[in-house]
Amino acid sequence: MSMFFNQAGAFMFAAGLACFGAAGMARAETAITPDVLHSPERATAMVSTGQQDAYRKLIRAYTQEEAAHPKDAGLVLARCRFIQTFSYSEEISWADAALDDFESCKKELETRYSSDAEASLFMADQHEGKDAVSFARSLLPASSHWTLPQRARLHAVLARAYSAANQKNPAGQEALAAVQLDPGSDQLVSALRYLATSGRTGEAEALLARTPVDPSRWKEWSRVSFAADSLSPAAALAELQRAGKSEGPFNDWLAARIYLRAGKTAEAVKALARAGSCSCDETVQQFQTRLNVAVAAGDGKTASVALQAWFTKTGITGPLLFAYGNLLRHEPSQLFSSTLLHLALSMLALMLVLAYVPSLIAFPAHYRGTVRARLNKSTVPLFERVGLRQLWIAFGVFLIVSVLVPLLGGGSSLQALATNKLLSNDEQATIAALQLSAMLLGGVLLAPIAWCFSRREWLGRRGLITAIVIAVLWTLVKALWIWSTWHAGQHGALTGGNLHDRTIAMLALAFARMGGPAFAFLVIAVAVPIYEELIFRGCLLGGLTRHISFGWANIWQALLFAVMHNDMPHFLFYFLLGLSGGWLARQTRGLAAPIALHAANNAVACAAMLLSG
């Protein structure tokens with residue numbers, strides 16, 4: 001049942017039972033014998049009987065009043081609600097009788113007052129599952145003559161019914177309809193969530209801004225929490241300020257998070273000061289908030305204490321290492337802190353593990369190459385001076401740089417991205433700068449390996465026409481897929497399908513804000529393909545083909561290429577792109593062709609992101 005006890009009803013119920021129970025006890029006070037007093041069960045039954053007598057007295061009063069006013073649907077509705085209070089109680093012995101009365105009352109209400117709006121809304125709340133959806137939808141035609149609040153309540157019933165059936169889009173649409181009809185509807189957060197997940201964040205922020213503050217304190221803070229998690233920092237700050245003007249408890253932790261993301265570090269520090277000093281009883285999110293605020297305020301001592309308490313509670317975790325890296329970026333001297341030595345050693349161990357990972361590919365390849373040599377099976381290396389050493393160095397550099405740079409520079413921006421928060425322009429710029437830094441650092445470290453490739457191995461020796469044709473065909477297919485997705489109205493599928501898609505879309509827009517669309521294309525469609533092709537088709541494929549057959553080498557490097565993109569919904573696409581790039585590298589004996597294919601693919605994606613943004 002979606003409609004049950006509310007707080008006021010509970011108080012009235014308790015008061016009624018107390019009054020009638022007291023009256024019954026007063027009448028029977030002289031009749032209570034010592035054996036009853038010695039038996040709690042008999043004493044309880046006596047109270048229950050008194051309550052049931054009072055209940056029956058009220059039912060008789062309802063019956064008499066309804067006989068005097070046969071057209072008063074509100075009176076019958078009040079009787080049904082009164083009975084409902086007792087029909088599902090587990091604390092009275094006569095609940096089954098009350099349930100029978102409730103069923104009879106509902107039947108009477110449905111038979112005699114089916115055209116009454118309030119009666120219909122009450123009956124809609126009594127249905128569950130598909131029946132609730134069907135019954136509520138059957139009321140839509142008649143609801144055109146209802147008042148706006150009544151129509152809003154009907155859409156709220158539909159929203160709850162669809163939500164219970166796990167139909168998120170219809171539930172969100174009905175919630176939005178309810179709020180548009182009645183800004184005070186309890187479906188506001190559901191409507192905001194629907195708009196935000198549909199890519200209509202601006203509409204969600206406008207809707208929240210024009211909705212009055214909820215008088216219920218916990219409901220208002222649920223709005224603030226949603227704004228902090230799903231809307232822009234400015235919108236979250238505005239809602240926090242509105243909530244702060246009303247009386248009642250103040251969520252200092254949530255306020256600190258919002259102030260920090262809005263760039264108001266001093267206010268965040270004050271909010272945490274009201275929350276109290278650091279303790280091991282705090283949650284991971286609270287540790288993270290305390291640490292981020294301390295780092296932003298330049299308070300290394302507080303940040304160190306928060307890290308130590310966090311480690312005591314959870315041990316070494318990914319978020320903890322990210323937080324430690326964020327502290328090191330602002331205060332490198334903390335690397336030598338004795339209290340945080342375990343975190344420094346953990347980060348060092350992580351780097352060593354990443355440096356060792358390429359050996360899991362290199363050693364089996366070397367062993368297989370030795371076996372092939374003993375069997376007189378020749379291998380044809382793709383590039384003259386590239387072997388397993390270059391493979392190990394290139395892939396190791398790629399892994400270490402891809403992890404170390406975000407660890408040291410990500411901070412709260414990467415946390416916001418990973419938790420699907422709407423990023424501010426500053427947070428987007430930070431992540432874009434991280435991407436550039438990782439690629440530049442990796443490029444510098446890989447420069448000596450790039451010199452291992454001759455000019456002909458960079459440009460290719462043959463098959464350039466074939467490479468151009470394949471690149472053009474790939475571009476056309478990708479553009480056609482994007483156009484069909486766009487034409488079907490699924491704009492969100494291009495920019496918000498998963499974390500990888502959101503990141504790419506965000507980077508394209510951030511690079512465009514940094515230096516215009518040309519800069520975005522330069523990074524995404526030129527620099528990224530050169531960097532990744534040097535690693536995967538140049539060093540990985542080139543190193544493996546020196547020891548194993550091209551077919552297996554191409555499959556392994558394509559698998560790694562797809563895995564490193566961390567985009568499972570499009571895993572097959574990246575695998576095919578890796579296979580095609582490897583095949584082009586072999587056909588042309590160079591890297592220019594796979595770079596061109598990769599660049600064409602990224603250029604189409606970048607254009608789509610910029611146009612949809």
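Heads up, the Cβ atoms here are built off N, Cα and C, so glycines get one too.
It should be emphasised that the depicted structure is a prediction, and the values quoted were computed from it without experimental measurement.
TrEMBL lists 1-28 with the feature signal peptide. Annotation comment: TrEMBL describes 340-365, 386-409, 429-451, 463-484, 504-527, 534-556, 568-585, 592-611 as transmembrane segment. Positions annotated as domain 'CAAX prenyl protease 2/Lysostaphin resistance protein A-like' by TrEMBL: 517-604.
In this chain, the transmembrane segment (429-451) lies out of contact with the transmembrane segment (568-585); the count of Cβ pairs under 8 Å, excluding pairs fewer than 6 apart in sequence, is fewer than 3. Per-class residue totals from DSSP over the domain 'CAAX prenyl protease 2/Lysostaphin resistance protein A-like' (517-604), listed helix then strand then coil: 78 helix, 0 strand, 10 coil. Per-stretch counts of Cβ pairs under 8 Å to the transmembrane segment (534-556) identify 340-365 as the leading one among 340-365, 463-484, 504-527.
Most Cβ pairs under 8 Å with the transmembrane segment (463-484) belong to 592-611, among the candidate stretches 340-365, 429-451, 504-527, 592-611. Tertiary proximity for the transmembrane segment (386-409) is limited to same-chain residues at least six positions away from its ends with a CB under 8 Å from its CB atoms, namely 321-322, 324-326, 328-329, 347, 350-351, 354-355, 357-359, 361-362, 365-366, 430, 433-434, 437-438, 441-442, 445-446, 449, 452-453, 534-535, 538-540, 542-544, 546-547, 560, 564. Non-local neighbours of the transmembrane segment (429-451) in the same chain are 390, 393-394, 397-398, 401-402, 405-406, 409-411, 413-414, 417, 423, 503, 506-507, 510-511, 513-514, 523, 527-528, 531, 534-535, 539; each lies 6+ residues outside the stretch with a CB under 8 Å from one of its CB atoms.
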